[in-house]
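These features come from TrEMBL:
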TRANSMEM  A:18-37  transmembrane segment
TRANSMEM  A:44-60  transmembrane segment
TRANSMEM  A:66-85  transmembrane segment
TRANSMEM  A:97-122  transmembrane segment
TRANSMEM  A:142-163  transmembrane segment
TRANSMEM  A:191-213  transmembrane segment
TRANSMEM  A:219-237  transmembrane segment
TRANSMEM  A:244-265  transmembrane segment
TRANSMEM  A:277-296  transmembrane segment
Amino acid sequence: MSPILFIEQVLNGLQSGIMLFLMAAGLTLIFGVMGLINLAHGSLYMVGAFAAAAVAGWTGSFVLALAGALAAAAAAGAVIELLVIRRLYDRDHLDQVLATFALILIFSESTRWLFGSFPLYLDVPAALSGPVRLPGGILYPAYRLLIIAVGLVVAAGLFALIARTRIGIQIRAGEADREMIGALGVDISKLYTLVFALGAALAGLAGALVGAIQSVQVGMGEPVLILAFVVIVIGGIGSIKGALVGALLVGLTDTLGSVLLPIFFSSFLEQSSATAVGSALSSMSIYILMAGVLLFKPTGLFGEA
Amino acid sequence: MKLKSLITAAAITALSAGGALADAHGGKLKVGMITTLSGGGAGLGIDVRDGFMLAIKGNDQIEVVTEDDQQKPDIAVQLADKMIQSEKVDVLTGIIWSNLAMAVVPAATAQGKFYLSPNAGPSALAGKGCSPLYFNVSWQNDAFNEAAGAWANENDIKKVFLMAPNYPAGQDMIAGFKRFYKGEVAEEVYTKLGQTDYAAEIAQIRASDADTLYFFLPGGMGISFMKQYAGSGVEKNLMGPAFSFDQGILGAIGDAAVGVKNTSHWSKDIDNEANKKFVADFQAEYDRLPSLYAAQGYDTALLLVSAMGKADVNDAAAFQAALEEADFASVRGKFKFGPNHHPIQDIFMREVVKEGDIVTNKILGVAATDHTDVYGAECKM
């Protein structure tokens, strides 16, 4: 494998990791602050993608589409927090899983009802549709570079929000002791709605960004949700830093595994069986990574016991 | 008042007389349609159903019970049991996916029910597992790929890069292509089923010296891949079976699909009366262009109606013989059954083109004439 191809694959791994981070950040915030397992997080990702496709269809503007996706996902998040999630904080995790699974079904079928069963059209803006030439002669799609940039900006913003703002302090305090910050006069239910809407908006942004290069269809969120859970387990539940590191690890392992493993096996196996073994192992690679991390750090890389 | 009661009475008599007449014919038939109407694969099931219903519109001799299998084999099996035991259907149809067909078809035919496949043709049901009561009205899984392999030989395609999801249908499709293709294979890549990001594969394709990429990525996988491929700046010929380039998903891919060659047994521009009528009626009824799945649903219903005209479904041997004749005007033009009840039909090479604002397919030529599958030899019925 040439060095150029290798660097391109590393970029691909980074880009997929950054997207996973946007999903995992919301999931881990919601779990860390409210102790809630939200299976419907993938639905919010789907809401973002569908809202972006609809707005892009009406207006033709990609920027407006992204704004629409953020707004729609945040609104959907706030609404389900107020109507459903709020009643689940004191319940068992199993009840939360059941209720949020029901939300997945409701979101999926209402989306089908509104938009139909056929995938929607959403494309990258014309200005970013081609590849750009990076130093070293690497051709790389401009849109994927944009995704990496947006993801890094959001990550920086999120760290600043958590570490430096008043809301961030309240969020961190809520994670540590929710009764105490209620006693100190912080409106805890408003804080929860806010955190939930923030997590939802991040998922919606990921859905819209990814929707432009993937298929905008009902059920698109669930495969990503599973990966996001793997990320937060690796990174440590509740930790934003863990989500970032975990997401990058998963993105790189997944991408490089699917490329390098078949090559590795073909060095001592026959071509067709090398492809078969390599493809099978690469599908497992992130779960092997997760198992390996949990073996040495049972609470995840940045998790607290 | 008197007049009113009189009219009512007359109306009731007329109605019951009509009912008695229909019963006297005795030709009523109940169809159980198990298909995918929810989840990511719903577009395919909806098209099969709509095509089927269009063909029997106004026909009061056929009653259809439709249920959603959610693309899950266990649910399909439950539905089939329910339809056979409590709904007492005569004929089953509708299944889209090979793994669901494998779960339902052998059990249904063992219970003496006819099964007409409007999509999916796993090799097991064409060969050793064939049944006198099972009729495939679509294709055997390998068919489009074998035809594509044959077309590649004749059209100066020297080196291909092969790609498909890592599951049985994906492996069958690639095997089918390689069975007929005589050129060189640069690389063979199997992706995860349901994969949505193809950046890593696209980088491999860019680095490869193949002149053509042959791939099978149905549904959302194909949409994702095509959009990402278009943005990558890689320029190789693209080819594949029609599943990734059918009407239902072309709208979501957009211009990125233009120029792709794909093999299919049907296209909306096949020039015959039955097809023209089908395309026009479908658009009038549902306000969208039909897909190949809709065409298969339509042909399945036409086949069923043709057999009903010749025999009673309760006389299984006669009904089977009537189905074997395939005496209907298929939208594909030529259509007949081989000895294993799988189609003998032409497979066309299509190209994705833009007609006005709509991205759609047009026929380039015939890729394989009177094509049939290789598994029939193993079928003993």
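Placed from the backbone N, Cα and C atoms, the Cβ positions cover glycine too.
Automatic prediction, not curation, is the source of TrEMBL annotations.
Across the candidate stretches A:66-85, A:97-122, A:142-163, A:191-213, A:244-265, the maximum count of CB pairs under 8 A to the transmembrane segment (A:219-237) is reached by A:244-265. Beyond the transmembrane segment (A:277-296), the same-chain residues lying 6 or more positions past its ends with a Cβ under 8 Å from any Cβ of the stretch are 227, 230, 233-234, 249-250, 253-254, 257-258, 261-266, 269. A:191-213 is the stretch from A:44-60, A:66-85, A:142-163, A:191-213 with the greatest number of Cβ pairs below 8 Å to the transmembrane segment (A:18-37).
Tertiary proximity for the transmembrane segment (A:66-85) is limited to same-chain residues at least six positions away from its ends with a CB under 8 Å from its CB atoms, namely 34, 36, 38, 40, 44-45, 47-52, 54-55, 99-100, 103, 107, 192-193, 196-201, 203-205, 207-209.
Within the chain carrying the transmembrane segment (A:44-60), a Cβ under 8 angstroms from the stretch's Cβ atoms is held by residues 23, 26, 66-73, 76-77, 107-108, 111, 114-115, 120-123, 199-200, 203-208, 210-212, 216, 218-221, 224-225, all 6 or more beyond its ends. Within its own chain, the transmembrane segment (A:142-163) has Cβ neighbours under 8 Å at 11-12, 14-15, 18-19, 21-22, 25, 124, 127-132, 171-172, 202, 205, 209-210, 212-213, 240-241, 244, counting only residues six or more beyond its boundaries. Residues 19, 22-23, 25-27, 29-30, 33-34, 38, 41-42, 44-53, 62, 65-66, 68-70, 72-78, 80-82, 85-86, 89, 122-124, 143-144, 147, 150, 154, 158, 167, 170-171, 174, 181, 220-221, 224 of the same chain lie 6+ residues outside the transmembrane segment (A:191-213) yet bring a C-beta within less than 8 angstroms of a C-beta in it.
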